[in-house]
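**Q** Mind having a look at this structure? Questions to follow.
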Amino acid sequence: MSKKRLYEIAKELGKESKEVVARAKELGLDVKSHSSSVEEAVAAKIAASFKPAAAPKVEAKPAAPKVSAEKKAEKSEPAKPAVAKEEAKPAEPVAPKTEKVAAKPQSRNFKAEREARAKEQAERRKQNKGNNRDQQQNGNRQKNDGRNGGKQGQSNRDNRRFNDQAKKEQGQQKRRNERRQQEDKRSNQVAPRIDFKARAAALKAEQNAEYARSSEERFKQYQAAKEALAQANKRKEPEEIFEEAAKLAEQAQQVQAVVEVVPEKKEPAVDTRRKKQARPDKNRDDYDHEEDGPRKQQKNRSSQNQVRNQKNSNWNNNKKNKKGNNKNNRNQTPKPVTERKFHELPTEFEYTDGMTVAEIAKRIKREPAEIVKKLFMMGVMATQNQSLDGETIELLMVDYGIEAKQKVEVDNADIERFFVEDGYLNEDELVERPPVVTIMGHVDHGKTTLLDTLRNSRVATGEAGGITQHIGAYQIVENGKKITFLDTPGHAAFTSMRARGASVTDITILVVAADDGVMPQTIEAINHSKAANVPIIVAINKIDKPGANPERVIGELAEHGVMSTAWGGDSEFVEISAKFNQNIEELLETVLLVAEIQELKADPTVRAIGTVIEARLDKGKGAVATLLVQQGTLNVQDPIVVGNTFGRVRAMTNDLGRRVKVAGPSTPVSITGLNEAPMAGDHFAVYEDEKSARAAGEERAKRALMKQRQATQRVSLENLFDTLKAGELKSVNVIIKADVQGSVEALSASLQKIDVEGVKVTIVHSAVGAINESDVTLAEASNAFIVGFNVRPTPQARQQAEADDVEIRLHSIIYKVIEEMEEAMKGMLDPEFEEKVIGEAVIRETFKVSKVGTIGGFMVINGKVARDSKVRVIRDGVVIYDGELASLKHYKDDVKEVTNGREGGLMIDGYNDIKMDDVIEAYVMEEIKR
């Protein structure tokens with residue numbers, strides 16, 4: 001026997017596969033899915049179980065759609081003919097429904113009930129589909145009969161129209177049934193609606209009744225009061241009535257007078273359109289609390305608003321009628337003009353120059369027109385926007401009887417005020433500070449050697465020509481107390497630098513050589529110290545040398561006003577030997593003793609102020625300034641104004657080269673972070689924030705520029721002859737470049753002091769840093785030559801100078817520059833030698849050998865390095881050392897020269913501080929042929 005699958009049975013019956021699977025399981029068959037197969041007998045049994053729910057196929061003759069009554073009957077009851085035909089046809093035997101009920105378990109099974117309800121709904125849907133299918137079959141039979149009967153065209157159109165109409169009516173009936181079901185469900189879920197119109201009408205009627213009742217009560221009260229007053233007046237005599245009437249008239253006149261004098265206060269406009277008259281006897285309607293839930297309360301509030309809107313709906317119309325051509329409104333008297341309130345004049349008036357009339361009027365609470373009138377009476381024509389000077393303002397205040405005081409404005413850009421103001425320091429916060437000691441003296445009298453001995457280092461050995469080139473600041477500790485030392489150059493060219501040192505110092509150590517005595521710079525140092533009112537400690541140095549005569553030194557100093565305490569003076573004398581460290585402890589004890597007598601105090605709690613000791617431009621760091629903190633505490637990231645520039649302290653290093661974050665009073669530090677390099681000797685001050693510091697710095701730079709422009713000499717009748725005479729003079733143009741600002745100032749001042757008849761020196765440009773291309777271009781344009789002091793030209797600048805034939809003079813000792821300039825200007829030049837650079841090398845590695853020194857491994861990058869040539873050590877464009885080679889080797893062999901591109905090793909005579917990336921410049925001196 002053949003088998004059938006369940007989905008094939010479902011397809012034949014027009015059922016879904018899951019329904020057929022469920023029916024098979026109910027019949028006790030072991031099936032798993034719609035793909036399971038069963039015997040034909042079992043398939044017939046499954047099909048028979050669906051027969052009662054399926055719609056029977058009935059052949060019906062096509063009805064003629066001509067009669068309108070039949071169509072109406074079909075529209076009203078479309079399912080009745082099908083039911084009648086089903087009853088007429090004998091049904092096939094099926095299993096009774098009681099079997100299904102008997103198959104259910106006795107206990108209630110909700111899952112089975114849901115499945116049963118789902119099956120019933122599915123059967124009803126199938127039944128409706130069967131009815132539709134029968135109608136379609138009837139329509140198809142009618143079409144066939146029509147074709148066979150010879151009425152093909154008209155019958156087809158009529159049948160099609162009839163079927164479409166039947167489908168449309170069935171769909172409409174179905175939608176109506178669904179809509180009724182949805183409305184029934186919604187009516188069961190939604191609460192009964194409130195009839196707002198009826199509610200509003202009831203509320204309005206209630207309010208009207210309440211208003212009528214209250215109006216009637218007020219009318220009754222008014223009538224009762226009127227009758228009581230009439231009875232009281234009947235009891236009084238006529239004379240008393242007349243007296244009371246007269247009193248009332250007088251009171252009315254007094255009230256009218258007060259109303260005329262006192263202006264009526266204008267109340268702010270308030271919209272009273274929806275406000276009702278208060279009725280204390282009316283009870284609050286609590287109908288909105290009768291129902292629970294926020295939705296009920298919200299609906300009740302909306303009904304209240306509807307009632308209120310209905311009551312006030314005619315408000316705009318009434319308002320328009322009131323604003324119409326009403327004669328009463330036009331005839332109303334205008335309100336009295338309010339008078340200006342009287343303000344008392346101030347007793348004092350603080351003014352500033354340039355105040356306008358309007359500003360003065362606002363301050364003294366008067367009209368500008370009144371002040372303009374007074375000024376006109378005083379003979380001053382002014383408007384309210386015109387500025388007045390201080391004298392005019394004082395005269396105006398005298399006319400008003402006010403005491404005028406000029407307001408003292410604080411200049412934010414003036415940093416000098418911090419050094420002179422008495423209230424800047426807190427007297428309660430003053431603490432003892434280290435003394436600042438300046439070492440002064442003549443050239444080669446041992447100042448730097450003394451300082452070197454104090455610091456236990458050997459920086460004095462490397463000074464070019466034995467002269468300190470710029471100020472150094474250092475700190476030492478003696479007996480647990482700090483002492484700050486400033487070292488100043490001793491040459492005459494550095495007068496301004498010594499003057500700066502004397503202005504910031506507390507004690508001066510005057511170094512005088514015992515074998516040399518008092519020299520010109522010694523006398524100058526004495527004058528600087530006396531001008532600054534600084535005590536002097538005389539250190540008679542070099543007592544170990546033969547021919548030393550300390551007594552002669554004491555006598556010479558006494559002639560210049562420096563008396564020893566042994567001779568009845570106030571200056572301490574100490575005989576020392578800086579070279580052999582003799583009596584150094586005694587000198588330091590004397591310094592601490594003098595400092596203790598002076599009682600040096602400082603306030604570390606205020607913002608830092610102080611002086612610039614030195615400033616320079618560094619290739620990698622930018623502007624670097626050496627500062628001496630005099631008051632307060634300097635911190636990293638402080639906004640600072642230094643001279644005519646400003647910035648923020650980015651990094652701070654002490655005299656040992658170590659990074660620090662805080663610098664107290666009398667502490668020398670080197671800072672970075674400034675926009676430009678300041679001038680040595682400038683004051684600095686820390687501001688509250690960067691904004692105020694920027695404003696102060698820009699204002700100071702602007703003022704300095706204006707001052708420089710105003711200092712430009714103008715031609716006048718007095719200097720006309722001098723100007724014409726100067727035109728006959730020959731001028732020597734010079735461009736000065738140096739390593740530090742102090743050296744630039746010293747060179748400029750020294751060269752301008754050279755007095756040669758018929759020749760003068762003009763400083764075209766002076767700056768800090770290496771010689772660059774712009775300097776060469778400027779020298780070519782101005783026909784000048786360049787003087788470099790402890791700096792070197794860049795390779796590009798050197799090439800450009802050779803191409804443009806610009807002369808560059810490089811020096812490391814200042815008095816040699818001055819002597820050379822004087823000889824050149826006098827035309828007495830001796831045969832001279834010209835420096836010729838023969839090669840350059842770069843240090844790649846260093847090797848320290850005991851008892852020998854430091855060996856530098858180098859590579860020649862340009863030219864050659866010869867054994868008999870002189871060398872310079874250049875670091876970041878600055879000459880560190882200038883000397884001769886002690887050894888030159890290629891591997892282990894001594895060589896006379898190392899050419900370009902080759903490597904070798906060298907040692908420099910007297911210099912061991914060679915570092916990687918140092919540039920070794922080799923040069924020879926060649927005689928210039930004239």
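Positions of Cβ are set from backbone N, Cα and C atoms, glycine also.
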**Q** Have a look at 466-470, 581-585, 741-745 and point to the one annotated region 'G2' in Swiss-Prot.
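**A** Spelled out, Swiss-Prot records region 'G2' over residues 466-470, not the other listed ranges.
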**Q** Looking at 15-18, 455-458, 487-490, 707-710, which stretch does Swiss-Prot describe as region 'G3'?
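**A** It is 487-490 that Swiss-Prot describes as region 'G3'.
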**Q** If I go by Swiss-Prot, the feature region 'G1' sits on one of 33-40, 441-448, 545-552, 793-800. Which?
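**A** When 33-40, 441-448, 545-552, 793-800 are checked in Swiss-Prot, region 'G1' belongs to 441-448.
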**Q** Including all protein chains shown, what's the count of other C-beta atoms within 10 A of the C-beta of Gly441 (GTP binding site)?
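**A** The Cβ of Gly441 (GTP binding site) has 27 Cβ neighbours within 10 Å.
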**Q** Only counting partners 6 or more residues apart, tell me which same-chain residues put their Cβ under 8 Å from the Cβ of Ile543 (GTP binding site).
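**A** Result: Ala514, Pro550, Glu575, Ile576, Ser577, Gln582.
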**Q** Check Gly441 (GTP binding site) against DSSP and tell me helix, strand or coil, would you?
**A** strand
**Q** Do you know the DSSP helix, strand and coil residue counts for the compositional bias 'Basic and acidic residues' (110-125)?
**A** 16 helix, 0 strand, 0 coil
**Q** Let me make sure I understand the structure: which of the binding-site residues listed (Asp444, Lys447) has the fewest other Cβ atoms within 10 A of its Cβ?
**A** Asp444
